[in-house]
């Protein structure tokens, strides 16, 4: 699923930023969205609030995965300058003061991606009589599916559980707990004496994913200077893709070692420890402290003082400096306004009515097809697929997986560069067509072309490349654009849960279905679903390129 997370923030940032210049109405300024985690996945009650002057227009962002930088009430893209909280000029800062508050939360994303890449090699090692180092290596397809998807089910549970406690915990404590869960999950999985303990470790690790993918984008967005917020959030998502590549790479080095799967999963331990110690050294989010004050959880002046101390520490300024005091005063006003605005929102059932239902059909359909065309299987089972596709040596299969990871990273940048130039529909239609072709090629390889392993490699590269320019980023860009303002947060919440749930199911079902149907028929099935998704894109998905959020609602959702 992270799988789709590599550049979601970047595209949402660009889409929302565009509307400011085209139609800077009060409604545009109040645009809000929830982002994914990818995935990860923020509470409906969560938001980050910023004030833009003049006019003191308040913008609220409801997050599920992406958070962006604001400029004049909208998001600022990488490197662009946005209004500060305190004045019309950008907030002054030193890069040295923002590196650690970015790096430590971003490690949560890297560990998420790492699990995807490492699992690809670990499944080969675990099932090898010679390399597993265990007596319980002979997994059934269902058991293998549970091992691979265990972290995803844990992430789903974590993302649901955090809804009720996120405001109480705060972003810093949430990320510390996530690091502890990552640490325990890595240790338990790496040292597991049997399958049951292994599954417990996978579940705990996944629970950490759910918390980290919720807390990390919030902490980064709420603590970094506004003019670089978009850059840092985009880099945070890039950490997930780098994590996937790192997992593939570690797998390729450890695949020939007896019990190498233990090292693959255990590698997350020192990274999780670094993340936990790093978050422990950082202060709480100043905006979260102000939110607690607005919620009536303590004395206003006490929370304001804590927020000023936290902001001063984050910026490397003396405690209680005047700049931090002014920033906190302005931030408190925006948090209070946004909190009161949240109370006046519509009820949950509105998502299933009128134009909202049309938006849910478009957004929910895209994230559903994103997963059921087999995308999770290609990443989690890349090593196994390559091994059955002619690279019988586990080392060869894992090394080719690294090539796939590098190609995925490169195609991510292609998508970033072209999505606003070419539009959503052309990239979706072309990309999904390529996905269908690649799946049919994989089916043909297993059925007719077994003597040509390069066909399988080419098909996998084609799949990854086409996914990265279509479903991967554009599904979440469309989701961030398509919902009407009043129901945007709730609609994107449903889209995120649809994505996470379908991802877990597809990942679990791949191994049993491969055993039951055969690889050639399974990829043929995925190819057929890809054709259905192509038809869905052609008939249902509109072009939103160049349209403001208001124009999307008035012209497309009428």
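Glycine is no exception: its Cβ is also placed from the backbone N, Cα and C atoms.
Range with Swiss-Prot annotation transmembrane segment, chosen from 449-469, 470-490, is 449-469.
When the ranges 146-166, 293-313, 314-334 are checked against Swiss-Prot, the one recorded as transmembrane segment is 146-166. Ranking 146-166, 175-195, 264-284, 449-469 by CB pairs under 8 A with the transmembrane segment (98-118) puts 264-284 at the top. The stretch with the most CB contacts under 8 Å to the transmembrane segment (197-217), chosen from 146-166, 238-258, 359-379, 449-469, 491-511, is 146-166. The transmembrane segment (146-166) makes no contact with the transmembrane segment (238-258): fewer than 3 of their CB pairs lie within 8 A, with pairs spaced 6 or more apart in sequence.
Counted over residue pairs separated by six or more positions, the transmembrane segment (238-258) shares fewer than 3 Cβ pairs under 8 angstroms with the transmembrane segment (449-469), which leaves the two as not touching.
By the count of Cβ pairs under 8 Å, the stretch nearest in packing to the transmembrane segment (400-420) among 359-379, 426-446, 449-469, 491-511, 522-542 is 449-469. For the transmembrane segment (264-284), the list of distant contacts is 100-101, 103-105, 107-108, 110-111, 114-115, 118, 121-122, 125, 170-173, 175-176, 178-180, 182-183, 185-187, 189-191, 201, 205, 208, 247, 250-251, 254, 306, 309-310, 313-314: same-chain residues at least six beyond its ends, Cβ to Cβ under 8 Å.
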